[in-house]
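What follows is a set of notes on a single structure, which appears directly below.
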């Protein structure tokens, strides 16, 4: 049992990025569908601003990080593995700097990337570039409330397609070994957007409106138990897939594990959004998470550098145990938070201020221009990893819906 618990805690780290891929589209979709109905040409005109907005938010820190790695970082330490490892990293960055800057290294040089964790940023940018192809048609279709069911059916078909797509490719081309590709993770995005569409279009409906009111609490509890047990089984099952070491079973498991995990997360978001998240909502709405949410993009960029520095400067043997691993995690986490705080102030916050000056700065004006991002979900990880956005919209006052109806206050709503 102890071995299984240890594995679950360790393997959970590989599932965290699935949170981000899902939450990004929930937030983007929810904000985008808040716009007043307008023709598709008006939507298309906002696309260039969307791309500029995202590039300004991500690229400056990414570029500074690149130059820091190839210049300053190699001079910051010594150790038996220091020169060997830093030279490998720096050589990859110098050779493939252009794919790093163009956000395509998770495809072009996936087996020799510059700072491997940055594959996620490339994947997210690629998904963001594709997002108008889905967001605009859905927004135009939902301007007529009678098209809601047809729209949801089409999104469901897309989810099924992107569940089977990576499995089909890997079974048809066994030599395909790229584990950082974007298309294998599109299911996370589309499930998030489907949930955002449902929540935004059906926000006037009560929680579990298909269930009698006297059975809502019991039904909610049962669903929470099922979801949490299912997510735990998903993580534990991965251990046996690894031990089995069968390529076909591994591909099948990965293809269906992603949507299963995201469906569980979607239920947590939906339940918390309506005020039925209980302790989970209360915990994730604490101010501490909101502060850390502002640092998460920088933390993601810098955490690998902190780990590399520790590994390459170690001069003695290290006894591995679950406690020692947890002990080191706490130390690395604190160091990453401290470094990220100053990094954010130096390279991220100034760009945000400049962007506000360039594009008018007002929140209302930004929403009118894009309707796709606000200050609470600007970055791929910013404010997503903190999970304080499980309650999607902090404003529970009456608000005009896209279809012209007025949404009522939800008294059970737990606002962060």
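Using N, Cα and C of the backbone, Cβ positions are placed for all residues, glycine too.
Checking the ranges 54-76, 77-99, 353-375 against TrEMBL, the transmembrane segment annotation falls on 54-76.
TrEMBL lists transmembrane segment for one of the ranges 22-40, 155-173, namely 155-173. Of the candidate ranges 100-116, 185-201, TrEMBL annotates residues 185-201 with the feature transmembrane segment.
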